[in-house]
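First the structure, in the form of structure tokens, and then the observations on it.
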């Protein structure tokens, strides 16, 4: 089953369901990509920081291109610029490393992963003696100008943002000659992001949801927090429609025209996650899922300081999650 697409302002078509690769083991991700392509996925979401772009590149080389499973022009590949590479001099070398690792000549979409910059260098998480992060003063508007040059060179087809708030999006738009096409943020029924989605849609940005199933497999999960996949409303709709809870959560997003990048390395789940285009929710069913919103954010980078878990970057002036949206 092929995923339906949304049209970006660049004219590109982005499939509404893509394969996420965050937390996918290098040893497992190659087979996962190959399987996903074989069952109709045409959108792969990557990032330099995930540490597995080389293996993804091997899968793409074997399966994408003339005479192979998928022609390159049918595939939509996203990657992301890491925080240590925001300095304008570091942007193109970072992209070229990603392209070399993925064995691609261009990316369909390149995102700035976070609004703030870490200290330049090869350590992905440069730290002070007390364990806190060492930041760099480069502003995302300077980074954006360097990203725009990549489009002019034909290395990237579209640019976007990840983990930016509404104010920061407008700040980028105020200087952009290449406007961002996509915002990628955490989004699921517990964190519906309605205001942020409306803000983006009014400005011609499409939204991609990461952790659309609630990311209950992450290492720092609080055992007390609610589990989206076990939410009674979700289970009831799954039973009613003869679907899995994951399919219910993904259908809710694609019906709102929000693209999703569920991560899996399990063939049965990879297949299940794209089988969400042959059923529809009524307006009442959509409202039931909308009503689950509690502005509950799961993905907040944390640090342990003096034995306590604290948000790693919350004190940074460009931290995105201190604003209402």
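A Cβ is built for glycine as well, from the same backbone N, Cα and C atoms used for every other residue.
The active site, proton donor feature in Swiss-Prot is assigned to 50. All protein chains included, residue 50 (active site, proton donor) registers 20 other Cβ atoms within 10 Å of its own Cβ.
If you look up Swiss-Prot, you'll see 11-22, 45, 162-163, 211, 213, 215-216, 263-266, 269, 273 marked as NADP(+) binding site.
The N-acetylalanine annotation in Swiss-Prot covers 2.
Shown in sequence order, 15, 16, 254, 277 are the residues of the chain, 6+ apart in sequence, with a C-beta less than 8 angstroms from the C-beta of residue 4 (phosphoserine). Residues or ranges marked as phosphoserine by Swiss-Prot: 4 (among others).
Listed in sequence order, 69 are the same-chain residues six or more apart from residue 38 (phosphoserine) with CB atoms under 8 A from its CB. Taken residue by residue with DSSP, residue 38 (phosphoserine) is part of a helix. Look at Swiss-Prot and you will find 38 (among others) tagged as phosphoserine, backed by similarity to another entry.
The N6-succinyllysine annotation in Swiss-Prot covers 127. Cβ environment of residue 127 (N6-succinyllysine): 133, 134 lie under 8 Å away, each six or more residues apart in the same chain.
For 127, the entry in Swiss-Prot reads N6-acetyllysine, with the evidence type similarity to another entry.
Spatially close to residue 211 (phosphoserine) yet at least six residues away along the chain are 186, 187, 188, 298, 299, judged by Cβ distances under 8 angstroms. Marked as phosphoserine by Swiss-Prot on the basis of similarity to another entry: 211 (among others).
The feature site 'Lowers pKa of active site Tyr' is assigned by Swiss-Prot to 80. Of all the Cβ atoms in the protein chains shown, 27 others lie within 10 Å of the Cβ of residue 80 (site 'Lowers pKa of active site Tyr').
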C-alpha spacing of residue 80 (site 'Lowers pKa of active site Tyr') relative to residue 19 (NADP(+) binding site), in angstrom: 15
Long-range Cβ environment of residue 213 (NADP(+) binding site), under 8 Å and at least 6 residues apart: 188, 228, 229, 246, 249, 250, 262
Densest Cβ neighbourhood among 11, 15 (binding-site residues), 10 Å radius: 15
Cα-Cα distance linking residue 80 (site 'Lowers pKa of active site Tyr') and residue 45 (NADP(+) binding site), given in Å to the nearest integer: 9
